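> The following feature annotations were taken from Swiss-Prot:
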| type | residues | note |
| --- | --- | --- |
| CARBOHYD | N5 | N-linked glycosylation site |
| CARBOHYD | N163 | N-linked glycosylation site |
| CARBOHYD | N316 | N-linked glycosylation site |
| MOD_RES | S307 | phosphoserine |
| TRANSMEM | 13-33 | transmembrane segment |
| TRANSMEM | 67-87 | transmembrane segment |
| TRANSMEM | 127-147 | transmembrane segment |
| TRANSMEM | 201-218 | transmembrane segment |
| TRANSMEM | 230-247 | transmembrane segment |
| TRANSMEM | 257-277 | transmembrane segment |
Amino acid sequence: MAVGNNTQRSYSIIPCFIFVELVIMAGTVLLAYYFECTDTFQVHIQGFFCQDGDLMKPYPGTEEESFITPLVLYCVLAATPTAIIFIGEISMYFIKSTRESLIAQEKTILTGECCYLNPLLRRIIRFTGVFAFGLFATDIFVNAGQVVTGHLTPYFLTVCKPNYTSADCQAHHQFINNGNICTGDLEVIEKARRSFPSKHAALSIYSALYATMYITSTIKTKSSRLAKPVLCLGTLCTAFLTGLNRVSEYRNHCSDVIAGFILGTAVALFLGMCVVHNFKGTQGSPSKPKPEDPRGVPLMAFPRIESPLETLSAQNHSASMTEVT
């Protein structure tokens, strides 16, 4: 029910947010936790060839020894788009030229009799909430792919340490399905079976593309033509270099990184285009009046002027009719 031109009353927005949105978000976070921190989902044991050169790369060490550690990656992934959204929304709300268009797209929601949700708060919660949901959803997709495929990392044979003197490894072209042939550290071997798709590549491109879509859709700069392209391309380049780092350190195959890029891109495009509608307001742009159909416009009536030829023709026709009768 509308209250004013820029205010709309809604009794369902708060219950929907608490009992629907937060429940879905909590379930997504819980599922991501089970994939990351528990052994609920067992990794598929994939076979290998004992003399496979693609799996004999040197062991690069634990993830904490990588050039891009998981802690740094997750902090940057979460903080960068969130900071961009906060800065962008606050700037647009307090700049007069952009505030008018923002208020035209978003109405202030009145919940109950006293609580107002202004457009600034609604947009920040919407965009950051969707981003967080997509981040956990991407993590779930990646973990599910790694668990189902059990694709081996480039350094798998280095940490597996198979018994090359056994009968199974004597033949160069014999495929080994027995996972018990490995003699290395079981925990390291378990992580070496989770290569496809690359988690670093998927999460980094998702975060970078989501931030890029927000910048290009909402931030308007009339004085500079290169500020937005430099910021967007720099963000995407960082994600691209993150994937290349995984290949250079022999932690993932090229195909793993490409699959991660495709997965993260798909999630970001879906959420950005279909869920937040290119970061536009829920009211949309004000509708323009439709032009009148020219066929429906009444014509101006003019007095009829009878020509002399028509008068003479009518007289001749009446005379001929009289003769016939």
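Each residue, glycine too, has its Cβ placed from N, Cα and C.
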> Give residue numbers and ranges for long-range contacts of the transmembrane segment (201-218): same chain, 6 or more residues beyond its ends, CB-CB under 8 A.
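73-74, 76-78, 80-81, 84-85, 88, 92, 127, 131, 134-135, 138-139, 141-142, 228, 231-232, 235-236, 238-240, 242-243, 246, 252, 256-261, 263-265, 267-269, 271-272, 278-280.
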> Based on Cβ pairs under 8 Å, which of the stretches 67-87, 127-147, 230-247 lies most in contact with the transmembrane segment (13-33)?
127-147
> Count the CB pairs under 8 A between the transmembrane segment (127-147) and each of 67-87, 230-247, 257-277, then give me the winner.
257-277
> How about long-range neighbours of the transmembrane segment (257-277): same chain, 6 or more residues beyond its ends, C-beta under 8 Å?
126-127, 130-131, 133-134, 137-138, 141-142, 145, 196-207, 209-210, 213-214, 217, 239, 243-244, 246-247
> By Cβ distance under 8 Å, which residues at least 6 away from the ends of the transmembrane segment (67-87) in the same chain are close to it?
124, 127-128, 131-132, 135, 200, 203-204, 207-208, 210-211, 214-215, 235, 242, 245, 249
> Return the residues near N163 (N-linked glycosylation site) by Cβ distance under 8 Å, restricted to its own chain and a separation of at least 6 in sequence.
C169, I181, T183
